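If you look up TrEMBL, you'll see Cys355 marked as active site, nucleophile. For Asp255, Asp302, the entry in TrEMBL reads S-adenosyl-L-methionine binding site. According to TrEMBL, the feature domain 'SAM-dependent MTase RsmB/NOP-type' maps to 141-422.
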Amino acid sequence: MTPKALFALCDELLHEVLRFTTPADAVVSSFFRQNRALGARERQTLAETVYEVLRRRAKYQYLARSGHGSIERRLILLAWQGSEAYLNAAITEGERTWLDNCRQFDPMKASKGHNAALVHNLPEWLVEPLKAQVGEEFDALAEALLQPAGLDLRVNAIKVKREAAQEALAAEGIRAQPTPFSPLGLRVDGKPALNRTEVFNRGEVEVQDEGSQLLALLTEARRGEMVVDFCAGAGGKTLALGAMMRNTGRLYAFDVSAHRLAALKPRLARSGLSNVYPAGITHERDDRVKRLAGKIDRVLVDAPCSGLGTLRRNPDLKWRQSEKSVAELTAKQASILDSAARLVKSGGQLVYATCSVLEAENEAIVRAFTEAHPDFEMLDAAEVLERQKVEQAASLCHDGMLRLWPHRHGTDGFFAAVWRRR
Ligand SMILES: C[S@@+](CC[C@H](N)C(=O)[O-])C[C@H]1O[C@@H](n2cnc3c(N)ncnc32)[C@H](O)[C@@H]1O
């Protein structure tokens, strides 16, 4: 494809993404399905450029107040992630001069009132809640959230040990190191096409952020138990729980989205697990849920949330969420946790988790639940993680709850609390 044609396509794609009606990853995949002629390299350049615009949108929009052409084109020139030669072949001399000037720009020299936002690239409503939590670490957190996430794998312990998976990956040319905290994790160098490897297709590894691996470990699920993954989605944590149960017992994977549960099927097939029962529910008070009341050993609530802990991989979320959407989510989270708790039997364990960094979706939900449910006793998350052979468990927790931060732990931002039913 000629550079000019590729830029026109990028313009079209960015226009669609910036409408913010659909998640960026879904817009990008659907666009690639409609433009099958695009090669692998071209797809990579388009996706990375669009994601770079989303990451530093505040800065690029500020710069794009000058220049010519559509706003999308100016943003693309500023955020371009392909080769410089390709860029030169697509732009005019005037654009080249403008771009060179823009590249000299120092956000700290922008007019007062703008400069901080042009560095952290966060919406204003998010700044104070984050500062309230991390204080002086705010700049480090904001910078970490601007970096693309690495690639973590969870080793499927029912098939292989971590060292053996690491060696098998190396034999296929993929270098990976054990993750610092999770005993099951491998962190891969670069972004290799994992789904073409035999190790992946044999189900020996799954893609999963180290933080997500730790959330699943908090359930302490064991052989022969009855376990519910209440918000299973495409089953990232379901697969981890099934392996912890050594493919025995019964693991229900609930979700209101049949579409997401369907994505679990091929992953289940690869994993070799036969103890998983996916079940679509209409809402958290579904009859299917009621029938299991008081019967379940471990319940994981990986609640629907703002996803603001995953900005490294989903930078569009900071522009798509708002104070209003977060308020709606917190009401839903409290209701789901309340329903899911009814499943837990006496002596059983309940985990509430999110991939959000907001107090309102995390500690506030936990406080309200604990006050309203004296039959649930909070457990110290660090002690639970230590029992699960997690390294430096205390450094991952605060006030008895798991609190993972990209700038401190190199994971996405995650939160979790654990209770035992008396
Ligand atoms: C954070 S995602 C789950 C991710 C998944 N556990 C994983 O590890 O890949 C939250 C899920 O909650 C589901 N959900 C939303 N409302 C729900 C409800 N009322 N009951 C159960 N699941 C719900 C969403 O469809 C979504 O898949």
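From the backbone N, Cα and C atoms, a Cβ is placed for every residue, glycine too.
Note: TrEMBL annotation is automatic and uncurated.
Rounded to a whole number, the C-alpha distance linking Asp255 (S-adenosyl-L-methionine binding site) with Cys355 (active site, nucleophile) is 17 angstrom. Each residue contributes its Cα atom, and for Cys355 (active site, nucleophile) and Asp302 (S-adenosyl-L-methionine binding site) these two points are 8 Å apart. Confidence annotation: the domain 'SAM-dependent MTase RsmB/NOP-type' (141-422) carries a mean pLDDT of 98 in the model.
In the three-state DSSP reading, the residue listed as 'active site, nucleophile' counts as coil.
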